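Visitor: Heads up, here are the entries from Swiss-Prot:
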- 167-174, 192-196, 214-217, 284-287, 319-321: GTP binding site (BINDING)
- Ser174, Thr194: Mg(2+) binding site (BINDING)
- 2-160: domain 'Obg' (DOMAIN)
- 161-338: domain 'OBG-type G' (DOMAIN)
- 359-437: domain 'OCT' (DOMAIN)
Amino acid sequence: MSLFLDTARIEVKAGKGGDGAVAFRREKYVPDGGPAGGDGGKGGSVIFKVDEGMSTLMDFRYNRIFRGKPGEKGMNKGMHGRGAEDLIVHVPQGTTVKDNETGDVLVDLIEKDQEFVVAKGGRGGRGNIRFATPRNPAPEVAENGEPGEDKILLLELRVLADVGLVGFPSVGKSTLLSVVSNARPKIGAYHFTTITPNIGMVQVGYGDSFVMADMPGLIEGAHSGAGLGIQFLRHIERTRVLLHILDMSELEGRDPYEDYKTINDELESYNLRLMERPQLIVANKMDMPEAAERLAEFKEKLAADLEADQEMPEIFEVSGLIKTGLQGLLARTSELLAQTPEFLLYDEDALGDEVAYYGFEDEEKPFKVSRDDDGGWRLSGEKIEKLFIMTNFDHDESVMKFARQMRAFGVDETLRSMGAKDGDYVRIQKFEFEFVD
């Protein structure tokens, strides 16, 4: 089983805030002690942090749920509960975090030690010391802690490389990477020897270096899933220069020009501006007897197919096996990197409109009303459900406060207008009460 994993679906659940306390100060010589219930502590958030030592999402294969700790409950004498420590989850550099339901990109973690809160911990509930008023100096009211955020996330890893090697299987990409860098990829005389991206550091002269990535071989239909498909096409997205490796020998019986067109069609079909990147054609295996003749045929076909305003692409003749022609290729690659800015990983359509429009909008109604199969009424909605969860039903004053808040929301009026009658059951989550007209 491969130890390389570049996608993972996980659940993150931030910690619940601590419950506020209902307490009263009872001490000698303090006749008017009053309320003394402290607030609950904040729940622990779940935070992703870039770890340069990680190179795969393998840690998420079996560990798929990450829970933050709850905050401590409030205490007597006005003492607040301790906030929970945040849960730090380490991820590889180059991890993109998406909302699994909407597909929206939440963050692209590419900087060293970069952190991002993926699930925020819940606020601590207020103790009864917060609810004291001149009319009610000793309230028996406190809040439960706010639930922490709960999300399903999709993680996608894209390797951080400056240069990407693309081409059909067995054209010599891994061999080329092994002789120009410190990488030691698996090399074999069969297709798909490379099944995971290999990365190597290439030194060009003094102090000049770049990262090169050898991608698993592409085949026709890769953009729609053929072969290893888009599983590894995503890793090309962060590169700034592409080296298109072509096999000029007759060993595989392939037509270099058809291979060239097919691979470029796949890159274009993937639709991530890959064809906008500078691309150098690398005519590999030029040590073979028939290579020069096949290269001449390739150049003829390429020239005949160019548009009138198109320039002939740069072609470098190399042999990864006997290490010829490599210095010129690496020097030109380094020049292109110096001239080419980074490409945005996501286009405007993927990230949405960047222009913000401000204006008045109708406030979202705090609740919705529906009917259950047995004829009962069900209240739902983020605001009213959050209010319900944070209400401490162990104290009558808290229950009365909840009833007042529901009336302020317009729940009674809405139920009445929809035909609710005395004695009808009204439900919020698993709680049930009777409607009183």
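Backbone N, Cα and C atoms are what each Cβ position is placed from, and that goes for glycine too.
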Visitor: Please classify the secondary structure at Lys173 (GTP binding site) using three-state DSSP.
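Guide: DSSP assigns Lys173 (GTP binding site) to helix.
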Visitor: Within 10 angstroms of the C-beta of Ser170 (GTP binding site), what count of other C-beta atoms is obtained when all protein chains are considered?
Guide: 20
Visitor: Given the binding-site residues Lys173, Lys285, which one has the fewest other C-beta atoms within 10 angstroms of its C-beta?
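Guide: Comparing Cβ neighbour counts within 10 Å for the binding-site residues Lys173, Lys285 gives Lys285.
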Visitor: What does DSSP say about Ser319 (GTP binding site): helix, strand or coil?
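Guide: It is in a strand.
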Visitor: Please give me the CB contact count at 10 A for Gly167 (GTP binding site), counting all chains in the structure.
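Guide: Its Cβ shell of radius 10 Å holds 25 other Cβ atoms.
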